[in-house]
Amino acid sequence: MCYDRGQRELVYRSVALRASSMKRPVFGVSSVCAVFLVWTLFSVPWGSSYPLEGGTGSPQLRFVEEFDRFRLGFSWLNMSCAVCKAIFATLDIALLSDSNMERVAHALGEACVRLHLAEVQVCREITELFRDDVIRALQESFLWPSEACALLVGPTCGHFDIYAPWNVSLPQVPKPPVKPPTPPKPGSSQSRILFLTDIHWDAQYAEGSLVGCEMPLCCRNESGRASWKHTGAGYWGTYGYCDLPLRTVENLLQNVAKSGPWDWVYWTGDIPAHNVWSQTRAQQLNELVTITRLIHKHLGPNVTVYPAVGNHESTPVNSFPPPFVHGNRSSRWLYDTMAEEWAPWLPKEALETIRRGGFYTVEVERGLRVVSLNTNYCARENYWLMVNSTDPAGQLQWLINILQESENKGEKVHIIGHIPPGLCLSSWSWNYYHIVNRYESTITGQFFGHTHVDEFQMFYDEDTLTRPLSVAFIAPSVTTYVNLNPDAKTQKIEPDQNNFRMEETFGGSV
């Protein structure tokens, strides 16, 4: 059930009157805001290889797992249903007025500190960074107390259906008969692809700084200097909660350039470091421009790079409003710069859809097309999806149209993106899976990043769930975060674009 803001205000005024008649105060905004703080900030915004059984799983279990992972020692499970609903009613009343945003933001920061969610500095800075977008998303959403409390307390307290099931529309065109793949002829030509993802350059990386610091990201000037008792950050990088200095990124690009030639490159996002509490738009754009130009410099003007948008490209992290959000809170500041910097690689039509929603399609060569999806529109951590999670930007419907056109023309299609579909919201994942099942003869390659490790996801036919029909390749990260070696991958494609072979990886210890 959905009401406009005026109707909700009338309802919540009556709730507030009932609450004010209680002898025990029910104002608990700090606890509520702490929950949202955990949701938006600590629900694995940096890559994580958590395969989810049967979709995204229970939201309640998701919260529990994250709280347990950070050993917060706080539980809302002891909260009664009545108290939970009263708290959320009070919060919603407060958010009806912009004048209360400062108080709610202050409560966020205090809750973060008192519940020991992070260091005091991180709590203060991240609250300041996130507050306007998170609160605005809450104001625009239709999150009722019963839905919020179903999420926190359990299904006995209400029904959570903000991310209700939805379906895309497939064309009324029968699926062509599936032809089993045929081995390539001996000596046939091959295309060689370089696959880069999750660079995470840290402009503040400092050799000799403390590796085991108290902050979420270490090996920086602010981490403090190492002593004989503690490990110091290395010249090229360090195992631990550390990202990479620019010299290591450039060295990797120099080496992969020598290992060419490359027919083209898939680059699936995540450029900035993991200092998500202290990022600015100017810094994010500087890092985007710097890494884009380094790739262009070392790989040369004759190698086309096909990028995808990572969840760390925006600030606040994971903040990707759908295109119907306009003004300063939209993502135009990011998409416009991407279009400008990626113009040497992409045609005008692709740049137009990048500016609108961060996705595009382009013909790679005769008979092969690439589709770059903005999978931030499926991310559980993108709090803007509280406003509308039903195919934001119409991206999946757009994908279906592209795939149908390619099927009609006999083209093969590669899909690239940052977040693997198995880590997306359940309805989005199901629709994507349904699309892959329908167009299995057209989609001959899928490439993603985000998890920071070398893995893959299998797709099986909908009827029997036993016949494999597609595979999504997930590449390891360039960054060492967390305790990893810098890496990139190479893949060879047979001439019919239907046979893949993993050739080699580029990596090394630090």
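Even glycines carry a Cβ here, placed using N, Cα and C.
As the structure is a computational prediction, the values presented were derived from the model and not from experiment.
According to TrEMBL, the Zn(2+) 1 binding site annotation covers Asp198, His200, Asp270, His452. Among the features that TrEMBL reports, Zn(2+) 2 binding site is placed at Asp270, Asn311, His418, His450. Feature annotation from TrEMBL assigns disulfide bond to Cys81-Cys157, Cys84-Cys149, Cys112-Cys123, Cys213-Cys218, Cys219-Cys242, Cys378-Cys424. Under the heading domain 'Saposin B-type', TrEMBL lists 77-161.
Counting every protein chain shown, the number of other Cβ atoms lying within 10 Å of the Cβ of His450 (Zn(2+) 2 binding site) is 28. The subset of recorded positions (Cys123, Cys218, Asn311, Cys378) lying with their Cα within 10 Å of the Cα of Cys242 (disulfide bond) consists of Cys218, given in sequence order. On a Cα basis, Cys81 (disulfide bond) lies 38 Å away from His418 (Zn(2+) 2 binding site). As a whole-number mean, the pLDDT of the domain 'Saposin B-type' (77-161) in this prediction is 68. Using a 10 Å Cα-Cα cut-off from Cys84 (disulfide bond), none of the recorded positions among Cys112, Asp198, Asp270, Cys424 qualify.
A count of other CB atoms within 10 A of each Cβ picks out Cys242 as the most crowded of the disulfide-bonded residues Cys81, Cys149, Cys242, Cys424. Neighbour list (Cys378 (disulfide bond), Cβ cut-off 8 Å, at least 6 residues apart, same chain): Ile419, Pro421, Cys424, Leu425, Trp428, Ser429, Tyr432. In terms of local Cβ density within 10 Å, Cys84 ranks first among the disulfide-bonded residues Cys84, Cys157, Cys213. Cys123 (disulfide bond) sits 25 Å from His450 (Zn(2+) 2 binding site), taking the C-alpha atoms as the reference points.
Across the structure, Cys112 (disulfide bond) and His450 (Zn(2+) 2 binding site) place their CA atoms 26 angstrom apart. Cys149 (disulfide bond) sits 28 Å from Asn311 (Zn(2+) 2 binding site), counting Cα to Cα. Packing around Cys218 (disulfide bond) is summarised by its Cβ count: 26 other Cβ atoms lie within 10 angstroms of its Cβ, all protein chains included. A distance of 33 Å separates the Cα atom of Cys157 (disulfide bond) from that of Asn311 (Zn(2+) 2 binding site). Nearest Cα neighbour of Asp198 (Zn(2+) 1 binding site) among the listed recorded positions (Cys81, Cys219, His450): His450.
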